[in-house]
Amino acid sequence: MNRPARVVAQSTSSDSPQGMTLLRDPLLNKGTAFTEAEREALGLRGLLPPCVLTMETQAQRVLTNLRTLPTDLEKYVALNALHDRNEALFFRVVVDNIDEIQPIIYTPTVGLACQKFGLIFQRPRGMFISSRDRGQIAEILKNWPYSAKLIVVTDGERILGLGDLGANGMGIPVGKLSLYSACAGVHPEACLPIVLDVGTNNEELLNDPYYLGLRERRLTGEAYDSFVDEFMQAARKTFPGVLIQFEDFANHSAFKLLHKYRDEACVFNDDIQGTAAVALAGLFSALRVNGGKLKDQKILFLGAGEAATGIADLVVSAMMAEGASEAEALRRNWLVDSRGLVVGGREGLSGHKLRYAHTGQAPISDFLTAIKTLKPTAIIGVAAVGGAFTPEVLEAMAELNEQPIVFALSNPTSKAECSAEDAYRYTKGRALFACGSPYDPVTLNGRSFVPRQGNNSYIFPGVGLGVIASGSKLVTDEMFMAAAHTLANCVGKEDLAQGSLYPALPRIREVSVRIAAAVADVAYQRGLADGPAPNDVKALVQSQMYEPHY
Ligand code: NAD
């Protein structure tokens, strides 16, 4: 992606940064890789040790150091510091070692990093806009020195499965945007992480001396809505055409914001729509193994929030695309929430669950009984209840199905519904399994399984790249459907043979290009793009990708 213009004229050819200022600019710094000629021309002589290293050697040094660190949190801090010193080197290391690094800069480690945010905070990254800034948000956004094309914004109320972490949630937009750049080449300068600090109801944080957010209870009701609305208007005015991704909002806000803005602004909610696409892709892969059709599946979700209803809604659309009526498709998707099976007539059901509140079924309070009663072909865990897929649950699924589909998608690892090992062990190796957290390969009775993460990071980078490359005005469900099909088509026979329902992560940039092209195609076909379709959409997408090199 072409480097977006800096709003602050920091580097013109005549006054480009030199000397120490240059070494302290993470976007321009090459550290020990500055050549002799550059050192001479840029006032760097004496400021660096004499040996000139290649980027490859620098990257190897980073990895060697990283691997000596005892905990993932220390690795997270070290990588953050590198990001702050030398952006190109940071992304080189991430891109070339995505399997090893993604779990550190994103889930699961980012969850712990958010919990410890006040303690490990070093340099600010992104923008903190607090409810005290009301009336001045547009002014404040002008302080950002680059022209953003992509904002990931959270209010920190539902960080992963960890709950309300207030301003500490900043780790999530930062991590997601790093993945946009690493996995799909969205230029780092185009990326703006934002926390809307509307307070927190987390007592522990309110009493934590290191907490860096507002020490007040969350803004609610009309005050909250108008604050977010001011932000939305200001962001779109300051950065025309910007893509805004809502991230880790609690579900009462998430559905409301998505519905309020999706038809007028370029927005999406990854927890709802990105999750839906990655889960649907996993289902398509699983069905390639067991030979089933999506429209014949019965899916029981543990959880009835953003992820569950987002997935169920996209699955319903996909079942209808296979010829099912809407009523038939809905009836094949069932939700269990903290109060048991969602059924018609239950008091106080929130709006997003109503489509799945089926009539003619008595209430059931526990998940195992729901399985035995409904006889699902697939269970999908998105309730952030660690260990909820007990041995009895897994055995029941194996009894009902020759090859049960078991997706334990909750994050971080402590919230996973079951481990990969348990999923295979208690189904005698027959489960078609995907997980939300990374698990090592499992060997059972001489057979080796390679479980892969049903992680949104397969989807959102490509979707974002496609939307930005085409200049789409909106992000539509059709784009997520296209992304799901494309991701599933990237899974090879050799992947399926070892139990992997997703492609290997090191292929992510190739996968993202294909997803971006599919998404951009939808934008051109639906008249949402900024201009006519190019002859070669894939080439357009590729031409916009950031490559981390000096
Ligand atoms: P959410 O808060 O919107 O929904 C959580 C749901 O779980 C609610 O419906 C709640 O009633 C239900 N629940 C809570 N306790 C329960 C219990 N004991 N039994 C049954 N249901 C219970 O959250 P969400 O956005 O849907 O996310 C849920 C989980 O899914 C989180 O851990 C999140 O990290 C994970 N997730 C993973 C991915 C991925 O890529 N793998 C993507 C999105 C979300």
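Just so it is clear, glycine is given a Cβ too, placed from its N, Cα and C backbone atoms.
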#### Entry: Glu247, Asp248 bind divalent metal cation per TrEMBL; candidate in Asp208, Asp225, Asp271, Asp296 listed for that same site
Asp271
### Query
Which of these, Asn201, Asn202, Asn445, Asn455, does TrEMBL list as part of the (S)-malate site with Arg158, Asn411?
Asn455
### Task
Measure from the CA atom of Asp248 (divalent metal cation binding site) to the CA atom of Arg158 ((S)-malate binding site) and give the result in Å, rounded to a whole number.
5
### Query
Do any of the binding-site residues Asp248, Asp271, Asn411 touch ligand 1, in the sense that the CB is under 6 Å from one of its atoms?
Asp271, Asn411
### Message
If I restrict to non-local contacts, at least six residues apart, and a C-beta distance under 8 angstroms, what lies near Asn455 ((S)-malate binding site) in its own chain?
### Response
Thr107, Val278, Gly436
### Query
Ranked by the number of other Cβ atoms within 10 Å of their own Cβ, which of the binding-site residues Glu247, Asp248, Asp271 ranks first?
Glu247
### Message
Quick check: which same-chain residues outside Glu247, Asp248, Asp271 lie with their CB within 8 A of the centre of the divalent metal cation site CB atoms?
### Response
Thr154, Arg158, Ile159, Ile172, Phe246, Phe249, Ala254, Asn269, Asp270, Glu306
